[in-house]
Amino acid sequence: MQIIDGKAVADEIKKEIGAEVEAIIAAGGKIPHLVAILVGNNGASETYVANKVKSCEELGFKSTLLRFDPTISEEELLDEVRKINQNDDMDGLIVQLPLPDHINPDKVMETIDPRKDVDGFHPINIGRMAKGLPAYISATPQGVLDLLERYNIETAGKHCVVVGRSQIVGLPMTILMQRNTKIGNCTVTITHSRTKNLAEVCASADILIAALGRPEFITADYVKEGAVIIDVGLTRVEDSSKKSGFALKGDVKFDEVAPKCSFITPVPKGVGPMTIVSLMKNTLLSAKKVIYQ
Ligand code: GUN
């Protein structure tokens, strides 16, 4: 069994991006600029956004954090998005989710210019991805693809089971794993809360991607001997032994599953560190106008 070290891979890719940005700056090119919008003060969102801004600093990107009160109206927020769409210096825009209940996240996503949608959440980017056209791929699924590639994991012809059908992870993951690309060509099954015999379906997977958001749900009986296990889960669970008062748990019961599989991502330091790196990669692609001219 081999542990997939997401932190090490993320550090490696960060170095590559940092070197590229240095070269761009030396040549007088466009410094990538990421804008993050944060509405309200959800604790987890604060942490995620702070980490995104920190990564920008580390890699030589410009970043702008725009904070709004949770009482901002939907129309006011859409106007802010439109302003950023018009600003040629700003390459990428993310609006951190979740948003307050009175704001429709789909409306916000659809207002972001697809050329700046480095989260890959706009229907145009999702549609282009499904068609195999150049598109911004959302960060977590892209991070999973990069881990599989960097660990030379064979995917062609394998049965990939994805647990969870979220718009951000499960759904794009299934589209990506069936594509006719180096990491792809899988026979894919998507499962969800209504799936019958879930353990049996999962136990037929060569590659099992758990993205359901239920801590330690996937136990040894869900796993085939020799399978590749990708754990996308990241849930805060109360833990009085920790200084923070909580521990981060994945969707996979690591201690019991790890001995059965060929590769496994731990939590933390598995898929998590790859997510921000993918966002940075997309922002660089936008500054270089690779996906859209
Ligand atoms: N909330 C949780 N994950 C994400 C993400 O990847 N992007 C945005 N914008 N919000 C999130």
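Backbone N, Cα and C define each Cβ position, glycine as well.
Keep in mind it's a predicted model, so treat the numbers as computed, not measured.
The annotation domain 'Tetrahydrofolate dehydrogenase/cyclohydrolase catalytic' is assigned in TrEMBL to 4-119. The annotation domain 'Tetrahydrofolate dehydrogenase/cyclohydrolase NAD(P)-binding' is assigned in TrEMBL to 138-289. What TrEMBL lists as NADP(+) binding site is Gly164, Arg165, Ser166.
The Cβ centroid of Gly164, Arg165, Ser166 marks the NADP(+) site; residues of that chain outside this set whose Cβ lies within 8 Å of it are Val162, Val163, Gln167, Val169, Gly170, Leu171, Ile190, His192, Ala211, Leu212, given in sequence order. Long-range C-beta contacts of Gly164 (NADP(+) binding site), restricted to its own chain and to partners at least six residues apart, with a cutoff below 8 Å, comprise Gly170, Thr191, His192, Ala210, Ala211, Leu212, Gly213, Val232. Long-range Cβ contacts of Arg165 (NADP(+) binding site) within its own chain (separation 6+, distance under 8 Å): Leu171, Ile190, Thr191, His192. Within 10 Å of the C-beta of Ser166 (NADP(+) binding site) we count 16 further C-beta atoms, all protein chains included.
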